[in-house]
Amino acid sequence: MNASENYFTMDPTENISQVLDQNRNNTNSLRTHPTVEEYYENMTAFLSLAIFIASLLTILNISIFATTVSRLRRHLDKPLLGPSIMMVGLYPIISVAALVTILVPYSWFICHTVMHVMFMVGGPVFRTLLFRYVGSEQNYVKETAGEAVQLNTPPCCCCCLCLPMVIPTKAKLCISRYMVWQMPFWQGSIMLVMNILYYRDIQLYRQVMFFFIPFIVCSIVLGAWSLQITVRMITKVRGDYQLRKKMFCLQLVVMLCKLQYLVLYDQLDGIKMGGEYPINHTVYKQTIINILILVEMVLVSMMVQSAYRTPVQVQIDEVNKEKEVTRI
């Protein structure tokens, strides 16, 4: 009996199981990340060029950060200096995470978590910076004399139209603070669990990952809503500090590193790239996405540099005016 006769005499269920196993193996070979040794032993010209470009973009981003920090240290007061440096430092950290993902593809989920953490950390720091622009929460309440604030701001501008205007008090500002500070604790715990599942049991991770998404989305929406309300409050007092531009730069972390990442991760599956394991489709796909993020982080860093010129420039103008008055 030859091989063809053996094939036709096999149980049909065995044929189906073999086909399914083969398809599963093909899928795994496309999705599996290579080890560091396999990655560099099979390096291609495209990946070498990508690493070179990614390194240059990361160095450029760090240079922009150093220039911005140098300017801030010369002109900002100490209460504003720390939070301002932390805010402009989010973007070079994201660039380093994207570079590490290209250098070590297997570390992509940890690096993606680092990008996510930047928004979780940036939210509370930015809120602290906002109230330091006016001294403190108590000073804001005194300075505005109980002026009411609207709650229908993005991302809840449509569903909160029925909510009345609120007069800021110590208790209500405390609630706003908790809405922002829940992000690092709540999302940090979820991302820690997801990292453990991904690197310990990836099959279990793929089964349960969708159950975590609603909790992460709700946490981000609550934090962003509270920050938008706070920006609107402080803008009435410090309208020349470009607070909306600073908030937009922070939101770009989520938009570019989270939403864009997830969208492109699925969309690029329709384009055939790479070959068989180890330099497979997933490696090419992640390299392209992270190169795009690196380019965007350079542009965002330039925008951040422009946004954080104030209150530096405002303080310089005030000093110049005082000098002119004393001369007169």
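Yeah, the Cβs are placed from backbone N, Cα and C, and that goes for glycine too.
Checking ASN61, ASN280 against Swiss-Prot, you find N-linked glycosylation site recorded for ASN280. Relative to the membrane, ARG200 and LEU243 are recorded by Swiss-Prot on opposite sides.
Working note on the glycosylation sites ASN42, ASN280: by count of other C-beta atoms within 10 Å of each C-beta, ASN280 ranks first.
Here the topological domain 'Extracellular' (266-287) is broken down by DSSP into helix, strand and coil counts: 12 helix, 2 strand, 8 coil. Residues of the topological domain 'Cytoplasmic' (230-247) grouped by DSSP class, helix first, strand second and coil last, total 14 helix, 0 strand, 4 coil.
Rounded to a whole value, the Cα-Cα separation of ASN42 (N-linked glycosylation site) and ASN280 (N-linked glycosylation site) is 11 Å. Applying DSSP to the topological domain 'Cytoplasmic' (128-177) sorts its residues as follows: 21 helix, 2 strand, 27 coil.
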